[in-house]
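Student: Have a look at the structure that comes next, please.
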Amino acid sequence: MSPRTGAAELPVADADRARLRQLGYKQELKRGLSLLSNFAFTFSFISVLAGVTTTYNTGLRYGGPASMTLGWLVVAFFNACVALSMAEICSAYPTSGGLYYWSAKLAGKEWGPLASWVTGWFNIVGQWACTTSVDFSLAQFVQVIVLLSTGGANGGGYMASKYVVLAIYCAILILHGLINSLSIRWLAWFGQFGAYWNLAGVFALTILIPAVAKERASTEFVFTHCYSDDAVGIHSKVYTLAIGLLTSQYSLLGYDTSAHMSEETKNADWSGPMGIVVSVALSSVFGWIYLVSLTSIVTDIPYLLDPGNDAGGNAIAQALYTTFKTRFGSGVGGILCLAAMAVATFLCGTACVTSNSRMGYAFSRDGAMPFSHVWYRVNKQEVPFNVVWLSVSVAFVMALTSLGSQVAFQAMVSITTLGMYIAYGLPIFFRVTAARSSFVPGPFHLGRYGLAIGWVAVVWVALVTVLFCLPVAYPVAAANFNYTPLLVGGVLLLSLGAWALHARFWFRGPVTNVVDDA
């Protein structure tokens, strides 16, 4: 039975409001998003142009072409199971809280509050780290574009210091804060523009790059060549390929955005889950095509990864710059391609802050965050203004780690992936265990396949969590230490510690506020 029973005959707006009241909340955010707009936000957040661009060096170093082109297909399959399971739950509980709300309802009365607490903190920390990794990677990418535009590292080009990169990053964050302070009508425009830009960018680059290249890698090289950087000291191909999956996993992340935008979406119990499913499906297909096209111009991996090349070791930038320079005698075309990727990354960062702020709004609405009364506010445009700037501020503080250790900062990519993925996996786990018999699906459901798909998703999340906590180089030293298990463990210990010492006495999970609407 659909949870919309009793509201199905109402107009869409009234039905959405009624369903939200059933879930315990009054309508406070402006419900102005269509299915297309909801999808666009998520597709823009996933942004394969941004994800592949910012993590391509990692995939190239660990497994090379094989780990990315074939690894993408593996990740896409299991990622689809996670997305389908999340979509089914989203249809049953279309609220901005998303994952932590789902855990509270699915884990049962006894364990619901703790499950909600842990899920919520993994989700919001993962989202803060996501904003940090996307925007800081964009700042670094802008620095590479400037470097190549002024002659390259070997031609007297301008190499920005880490403080200049941090300043660029700060400017990007401020722009994202300002954009997210606008009304939902303007945010919807940015979301749709981001979706169109990603689709058009993938289409254009997929055709342009192989067409321009004078020298292209063979099909066998693109799909089967396994590269391992001797400097990392890993000699097992299986181990290397497994670590290289991070590129694909990171690039197909962020589809909880549709859930966090559900209280601003019309016909949310259908539009929300469809936003998840369609965005993941299109991202998986277009991302793979783009990745294969990009990898077709990768012929000299050690040179592309060499910090002494013109792009300072940025493999994508160097490959594109060399490709256009070889064909036309100038690398300007390659720089324009990089600029298109930078725009996609900027729009991805915009969507990151949007999703992050809605999650923070919902979490503070239920009293889970320090100073919740400050963050749980909306302005005259019905936008959670305060928590938008909280998201931006926390992301800036997180990036300060780059001043002390670039290796420590690189762990932001992993904590983004694992923090958000653990938050994805927890409610699915409760769906297939504690709520196995009691779960009431919404309009979008998987029928008899729901449990099987859910278990596949849970096992994949567990496997990925272990893989990305493994050492990334041997012998392990301060310069190559993988900080991911420390960060993931830190979030777990701090959330459990806060629960044991304080939160268990007052946090009861999602708090109804519909009485105020009477």
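Just so it is clear, glycine is given a Cβ too, placed from its N, Cα and C backbone atoms.
Pulled the feature table from TrEMBL, pasting it below:
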TRANSMEM  35-56  transmembrane segment
TRANSMEM  68-87  transmembrane segment
TRANSMEM  163-188  transmembrane segment
TRANSMEM  194-213  transmembrane segment
TRANSMEM  276-298  transmembrane segment
TRANSMEM  331-353  transmembrane segment
TRANSMEM  383-401  transmembrane segment
TRANSMEM  407-430  transmembrane segment
TRANSMEM  451-477  transmembrane segment
TRANSMEM  483-501  transmembrane segment
Student: Based on Cβ pairs under 8 Å, which of the stretches 276-298, 383-401, 483-501 lies most in contact with the transmembrane segment (331-353)?
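Tutor: Comparing 276-298, 383-401, 483-501 against the transmembrane segment (331-353), the winner is 383-401.
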Student: Flag the pair the transmembrane segment (383-401) / the transmembrane segment (163-188) as in contact if three or more Cβ pairs fall under 8 Å (sequence separation 6 or more).
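Tutor: Yes, the transmembrane segment (383-401) and the transmembrane segment (163-188) are in contact.
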Student: Which stretch from 68-87, 163-188, 276-298, 483-501 shares the most C-beta pairs under 8 Å with the transmembrane segment (35-56)?
Tutor: 276-298
Student: Are there residues at least six beyond either end of the transmembrane segment (451-477) with Cβ under 8 Å to its Cβ atoms? List them, or say none.
Tutor: 62, 78-79, 81-82, 84-85, 231-234, 239, 242-243, 245-246, 249, 414, 417-418, 421-422, 424-425, 428-429, 431-432, 436, 484-485, 488
Student: Cβ under 8 Å to the transmembrane segment (68-87), counting only same-chain residues 6 or more beyond its ends: which ones?
Tutor: 56, 59-60, 222-224, 241, 244-245, 247-249, 251-252, 255-256, 259, 272-274, 276-277, 280-281, 284, 287-288, 291-292, 295, 421, 424-425, 427-428, 431, 444, 446, 450, 453-454, 456-457, 460-461
Student: By Cβ distance under 8 Å, which residues at least 6 away from the ends of the transmembrane segment (163-188) in the same chain are close to it?
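Tutor: 29-30, 32-33, 37, 40-41, 131, 135-136, 138-140, 142-143, 264, 346, 349-350, 352-354, 357, 381-383, 385, 388-389, 391-392, 395-396, 399-400, 402-403.
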